[in-house]
Amino acid sequence: MAGSAANNTNNTLKSLLKLFTLLAIAGAAISSRLFSVIRHESIIHEFDPWFNFRATKVLVNHGFKHFWNWYDNTSWYPLGRATGGTLYPGLMLTSGLIHNILHSINIPLDIRNICVLLAPAFSALTAYTTYLFTKEVKDARAGLLAAIFIAIVPGYISRSVAGSYDNEAIAIFLLMFTFYLWVKSLRLGSAFWGAITAMSYYYMVSAWGGYAFIINMIPLHAFVLVLMGRYSPRLYISYCSFYTIGTLASMQVPFVGFNPVGTADHMAALGVFGLLQLIAFSTLIRQHLPSKQQFDTLLRSVLVLGFVVGVAAMALASHKGVIAPWTGRFYSLWDTGYAKVHIPIVASVSEHQPTSWPSFFFDLQMLIYLFPAGVFFCFHRLSDSIKGEASVFVIIYAVFGSYFASVMVRLMLTLTPIVCVAAAVALSTLLDNYIQDPDVEGEHQVENKETDHNTQHNVSHNTSQKAFTPKNKKTKKDTSISSTREKVIEKMQEKAGIRAPDARLVVLINVVLMLIFFVFHSTWVTSNAYSSPSVVLASKTPQGETLYIDDFREAYNWLNQTTSEDAVVGSWWDYGYQLAGMAGRTTLVDNNTWNNTHIATVGKIMASPEEVSYDILRKHDVTHLLVVFGGLLGYSGDDINKFLWMVRISEGVWPDEIHERDYFTPRGEFRMDEGAAPAMKNSVLYKMVYHRFAELFGSRPAVDRVRQIQLPKKGPQLESLEEAFTSENWLVRIYQVKQPDFLGRSFKDAIAFEKAARI
Amino acid sequence: MKIPEIISILIIASIALAKSALLSKYDSLAQNQAGVVKLDDLSYNELIRTPERDFGVAVVLTAMDERMKCTPCHKFAPEFHLLAKQAKGRRSTNKNSIVFASLDFMDGQRTFNDLGLNTAPSLFYHPPHQLNGHLYDFNRNGFLAERLVAFLNTHSPTKFAFKRPVDHTSTVIALVLLTILAVFAKKNWNTLTKPFIFSKWSWCMLTLIIILTMTSGYMWNQIRKPPQMVMTKNGAQYFANGVTNQYRAETVIIGTIYALLASTIVILTISVPKIQNTGRQRAAAYLWTLILIVTFSVLVYIFKMKQPIYPFRLFV
């Protein structure tokens, strides 16, 4: 009685401690993502978030209905974009909901601040979900470690700092939450939890295109379990309830529509669903048969036949076009050369490049080698009848996650959670063996303990056995000397464990030091690599002062204040979302990149001589052109460095008019200086970028600091365009497109006449 | 009255004859030389700089001599010959065709000088009657015949398809090996195959190998095709500079380091606690911890070498 009371207080203490640990982890997760807010201000980052922010403002200001049917005629001018049906609304709805709830309880928090802080808030939830997931795989101890890892690992912070208001901000939480619910519903064999999994999946579908990963991972898991002979009614119930409800729900998202029944991406899920029906049906029959041997043979052959027929039917259907083939972006994951040849616009984005090993190390540091060890321990745990299934899941996820992450830098994000889980399993198994007393460490005992879910029970088990430890060991040692045969038997009975306290201490200290190093690494990476808003640039003066370069906002603000509301601003697609979000002006193309031809049109405007471009500009009602030029500042991500992609993309649409070759010198060099190719010197982009640049240097030669070249003394002459605005550091330059000459002269003639008149 | 017409017909006929003479001359030359006419300065001028030429010429200016050490030339030559061979088969049906020719630097230094070329190979396509050729961009398109065909098709009036002869030897070898393996597996079903397939440790090994190759940047190598390593004055350089670059040897080293570190963790967790002798156990725990620290330090050191602004280092 007294013992159980002591246990109770012990348990209360433990759960309290756990709660505080989790709260501390949440605090760490949130605060480590606030570098940019503290250094700069509460501002939306980068490019895509600006669109999400604008869409959220539409939702909050005009209501749900307007948002759902939103037709945005200020982007992709003159085509417009049926925005409501072509976005994943989950993110906006989430922040809209939070906004409304806060306002209904009279907390007037600005929608901008909600958007900025959404990602850090959800990262805290991700940490908690990872804790729950890892608890399903191993136990609460590993769960806490996994939560710590995911809270501060740079691979996840890279996409979830304050201000990076993107789909991934909530999607990683949803990914882990869906997986956790799946593993849990599988363990319980519960249709209720299966349905909850489906609902979480629905949320995920509405939030991120990466939902395809879930709808392939879960069927694969089920399929592997069947292959391993671990089919169970639990699997049947949880999978079927997840698949049916999840698929029906996912079709309610307008952007997804009928994809779940019509594209190859989703067919694996359907196939496994069919397979499970076959298996369930035959096991049912089997139970009612007296002789099972012949039936088993029949069953096996029917299953194999059914599998083959199913695969063949799907192959035929996709060949005939009933099922749409894999989408290009998805397909390029398997055939790595595909995107470069067929979808240059995908290949041109830096986050679609393959991953070199330093990027892995940069984003995961010591977790990268704990990861394989953790997967190894998951194999160790397979024999566990219930939690083994979660281990299978971890293993499959690990294999595919690491493949995808190595093909595309961007998918490092999907690998990171499982790395944290596996690393936590590895480290906590190590810690288990070095912290706990030797006698309760026998592997079998550990495994047995895992199977009963009552951790409290375990604890009492531990403490009650403690008393017997020393004596037990001694007697065994004495007897083990007698004969070798006995020794062997003895060895098998003897419990594994670390006896020397100093050895334990050394290992533990090493682990603690490694963890501390990991914290230092993560903080450094977050602070230096992932916390720049990229809208405001920071640089250091030689004296060590921080200098903020705010040219982008300066230029967007200028557009907003000076140009008329219906002005159409042409720019390369990278700046489309920011233009719409910050300047509030109509754009030709933006980061949505749904219409390659339109993007190629802008590429052609930039790459062609003025006479050709002017016609296109007039036809598209463009009033202003915006270029980004880093030559004065040394900012390498400017339009000149993107120029080849503009040429390539427009060459893809107009192979007769634009030739990449023309922009190189006869010797094959890509030059900007005196010796640049004529096509380059005549291109509108070149002229806009270097217009009057040489005058800035007076008598000295003009130097482009990005490309380290000297420019000709006499800069390019613009005829049909007129400089309207250049920002402080020349980062953004805006040109006005001239009206046609009122006397019908060509611009050249008009300029020549003006000059003559002046003389 | 009809005399001018007759004269003009005669002229046309003679020109046509002359033209076909030029074509047939180079055609037969090509027949003798496996599809590609080997030129020198003289014949280059005759073939390319004749305005009456009514067929296209694809000429590669190359340097096959051993002393020139032109690896790309040797890489490109078989592709060019392959293409020429296929085009030759089609020539009889299409009069308005392409002659494939090559001019080696050893035979045509003057032409190289005239064209101002100091890199090889360079490939020009000269459309019929045109003196100026289109230059094929090797840097962008690479050496594959398929890309060259696409280039020729955009510039020449004749379109032709290229079909790479499928090399069946590798498929046959693979098939034979597979059958041998299958038979072997079937024969030893109970002793080898079954234990292998049904053992979780074989799958474990497979999984770990996949994970280790992937996380050490194998796919980057497959896509970017970096060199094995680079030879410098100070000997072999195994590690590329910069975090977005790597050599093949480098990824092998890193993969090994990861494997070593992971197995250190596994040994510390599983093997060390099983050692019964306390002294030995202590020694093992110390030893493997030391190995862990040193290897990790080396890893951090390598990373710092590649990214000098990384502020941390351990004991190395």
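Note: Cβ is positioned from N, Cα and C throughout, glycine not excepted.
Annotation source TrEMBL lists compositional bias 'Basic and acidic residues' at A:442-455.
What TrEMBL lists as compositional bias 'Polar residues' is A:456-465.
Positions annotated as domain 'Oligosaccharyl transferase STT3 N-terminal' by TrEMBL: A:17-422.
As annotated by TrEMBL, region 'Disordered' applies to A:442-484.
Feature annotation from TrEMBL assigns transmembrane segment to A:16-35 (among others).
Residues or ranges marked as transmembrane segment by TrEMBL: A:114-134 (among others). Tertiary proximity for the transmembrane segment (A:114-134) is limited to same-chain residues at least six positions away from its ends with a CB under 8 Å from its CB atoms, namely 22, 25-27, 29-30, 33-34, 37, 42-44, 49, 52-53, 56, 91, 94-95, 98-99, 102, 140, 142-151, 156-157, 159-166, 169-170, 172-173, 176-177, 179-180, 183-184, 417, 420-421, 424-425.
Residues or ranges marked as transmembrane segment in TrEMBL: A:140-157 (among others).
Under the heading transmembrane segment, TrEMBL lists A:169-196 (among others).
Outside the transmembrane segment (A:208-228), and at least 6 residues removed from its termini, the chain residues within Cβ reach (under 8 Å) are 88, 90, 167-168, 170-171, 174-175, 178-179, 182, 201, 235, 239, 242-243, 246, 250, 260, 265-266, 268-269, 271-273, 275-276, 279, 330, 389, 392-393, 396-397, 400, 404, 414. The transmembrane segment annotation in TrEMBL covers A:208-228 (among others).
Packing against the transmembrane segment (A:235-255) from elsewhere in the chain are residues 68, 84-89, 182, 185-186, 188-191, 193-195, 197-199, 201-202, 205-206, 211, 215, 218-219, 222, 225-226, 261, 266, 269-270, 272-273, 276-277, 279-280: each is 6 or more residues past its ends and has a CB under 8 Å from a CB in it. Positions annotated as transmembrane segment by TrEMBL: A:235-255 (among others).
If you look up TrEMBL, you'll see A:267-285 (among others) marked as transmembrane segment.
Non-local neighbours of the transmembrane segment (A:297-317) in the same chain are 264, 267, 271, 274-275, 278-279, 282, 286, 323; each lies 6+ residues outside the stretch with a CB under 8 Å from one of its CB atoms. The transmembrane segment annotation in TrEMBL covers A:297-317 (among others).
What TrEMBL lists as transmembrane segment is A:360-379 (among others).
Through the fold, the transmembrane segment (A:391-409) approaches residues 137, 179, 182-183, 213, 217, 220-221, 224-225, 228, 230, 333, 336, 350-355, 359-360, 371, 374-375, 378-379, 381-382, 384, 415, 418-419, 421-422, 425 of its own chain, all at least 6 residues removed from its boundaries and within a Cβ separation under 8 Å. As annotated by TrEMBL, transmembrane segment applies to A:391-409 (among others).
Sequence annotations record features per position, and here TrEMBL assigns transmembrane segment to A:415-435 (among others).
Feature annotation from TrEMBL assigns transmembrane segment to A:505-524 (among others).
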Integer average pLDDT (0 to 100) for the domain 'Oligosaccharyl transferase STT3 N-terminal' (A:17-422)
90
For the transmembrane segment (A:267-285), could you work out the same-chain residues 6 or more beyond its ends whose Cβ comes under 8 Å from its Cβ atoms?
215-216, 218-220, 222-223, 226, 231, 233, 235-236, 239-240, 243-244, 247, 260-261, 295, 299, 302-303, 306-307, 310-311, 314, 318, 323
Considering only Cβ pairs within less than 8 angstroms, which of the stretches A:16-35, A:169-196, A:360-379, A:415-435 has the most against the transmembrane segment (A:140-157)?
A:415-435
